[in-house]
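*Asks:* Mind having a look at this structure? Questions to follow.
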């Protein structure tokens with residue numbers, strides 16, 4: 001694996017980055033123009049929302065013990081934590097960015113069971129304590145690129161997925177890894193009400209090729225900003241694959257199953273012409289409704305401070321992962 005370039009201060013996104021709904025992003029900078037046509041009170045509400053005022057308080061996660069490997073270490077000060085935990089994409093708790101923080105308090109994360117099964121020699125189950133104690137945790141500052149054409153950089157805490165899979169010992173028949181979110185309609189209102197949950201089929205499911213899952217960059221994430229994940233960010237454990245669009249980062253995972261066949265994935269089932277299985281960040285393959293050539297890099301500033309920048313192939317991780325797709329037509333296999 002090639003040496004990874006250390007991130008600089010210009011790379012690090014403030015925690016205010018977790019905002020902007022999918023339907024809002026479609027209009028890109030048009031949101032600010034629309035805001036100017038609103039009544040003054042509505043303008044004030046919108047700009048306060050963007051700045052992070054009046055956000056619901058997120059439950060405090062417990063501090064975690066973790067290392068900071070040199071490849072990911074940074075001494076940079078991060079923006080206040082409530083800005084990352086206040087705005088999220090987690091449709092199980094609603095479509096608006098503030099909904100998960102407002103509604104995810106109903107999610108019960110203790111006890112928790114994560115089952116590893118399928119084409120493995122040694123299936124096993126992890127409980128809640130195992131998630132933060134079975135494997136050494138490390139903090140990694142990763143770029144994150146949403147399919148909605150906005151981006152950020154976040155310090156996640158977790159362990160490489162390959163360490164978990166190695167303990168399960170995949171068989172020679174294992175070709176893919178299927179992931180599944182908790183199904184708990186009484187705790188996750190979006191699973192019970194299609195209006196709240198955006199009409200998706202639940203539970204949320206995702207998948208990777210086995211070689212993608214075994215790549216050192218692929219992270220099972222249990223914390224952010226030094227503490228355990230809050231419910232709205234995917235507690236107690238979620239997936240982060242930094243060279244793929246954010247919807248591949250399945251949250252609140254209860255099942256990891258190795259399979260012979262390619263597993264179904266939620267957004268691909270919902271709109272296969274818009275959301276592919278691979279979902280690799282690619283500036284040369286547009287979404288049917290908007291360009292992916294550039295992105296809005298979201299930092300700590302307000303709505304007028306958002307900067308547009310070129311999108312990098314594989315989200316800037318091409319040196320590490322491009323070899324996985326040698327010979328694959330990335331336009332057809334988006």
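Using the three backbone atoms N, Cα and C, a Cβ is placed for every residue, glycine included.
Quick caveat, the model's predicted, so the values are computed rather than measured.
What Swiss-Prot records for 1-44 is signal peptide. Residues or ranges marked as Mo-molybdopterin binding site in Swiss-Prot: 88, 91, 92, 146, 181, 233, 238, 249, 250, 251.
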*Asks:* Mind giving me a neighbour count for residue 250 (Mo-molybdopterin binding site)? Other Cβ atoms within 10 Å of its Cβ, every protein chain shown.
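*Replies:* Taking every protein chain into account, the count is 25.
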*Asks:* Are there any residues in the same chain, six or more apart in sequence, whose C-beta is under 8 angstroms from the C-beta of residue 238 (Mo-molybdopterin binding site), and if so which?
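*Replies:* 220, 221, 229, 249, 250, 251, 252, 253 - these are the non-local Cβ neighbours of residue 238 (Mo-molybdopterin binding site), listed in sequence order.
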*Asks:* Who sits close to residue 92 (Mo-molybdopterin binding site): which same-chain residues at least 6 apart have their Cβ under 8 Å from its Cβ?
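*Replies:* In sequence order, 181, 188, 189, 190, 191, 197, 202, 204, 252 meet the Cβ cut-off.
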*Asks:* Using DSSP and collapsing to three states, where does residue 250 (Mo-molybdopterin binding site) fall: helix, strand or coil?
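*Replies:* For residue 250 (Mo-molybdopterin binding site) - judged by DSSP and reduced to three states - the answer is coil.
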*Asks:* Counting across all protein chains shown, how many other Cβ atoms sit within 10 Å of the Cβ of residue 88 (Mo-molybdopterin binding site)?
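*Replies:* Around the Cβ of residue 88 (Mo-molybdopterin binding site), 25 other Cβ atoms lie within 10 Å.
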